[in-house]
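Remarks on the structure that follows.
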């Protein structure tokens, strides 16, 4: 197994419902270590740049509106095969299709308000971590 870093974002719906601690518990119980974490409000510009790969998709504007509707918690996670492990503990994008015991099944409200975003590949993880964090903010 390989030690990896991955990016995670707790979304506004979970923040508004005071679920940060619960989300972190899922992540830590899965064996992931939170090595950086900060809360902020994303600007529309930041959100549009972050989700740039979806710019041509019909849901892009609503995604930017949603992700800027409240605070988010940005995280760097570390662990063995962290990217796959994080994707597994998050569950399917649609909470209705996610397995029981996953963050999205247990805490998500809809496809958009599904409580959490996580990197889907090593390239995405690198880009997303570097988008929000300086190396000095990541505690080993």
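Backbone N, Cα and C atoms are what each Cβ position is placed from, and that goes for glycine too.
So that you can see what the record holds, here are the features copied from Swiss-Prot:
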BINDING   11, 59, 87, 93, 104, 114  ATP binding site
ACT_SITE  117  active site, pros-phosphohistidine intermediate
Sequence-ordered list of residues in the chain of residue 104 (ATP binding site) that lie 6 or more positions away and have a Cβ within less than 8 Å of its Cβ, or none, is 90, 91, 92, 93, 94, 95, 98, 114, 115, 116
Any idea of the Cα spread of the ATP site, 11, 59, 87, 93, 104, 114, as a max distance in Å?
-> 21
If you count the other Cβ atoms within 10 Å of each Cβ, which of the binding-site residues 93, 114 comes out on top?
-> 114
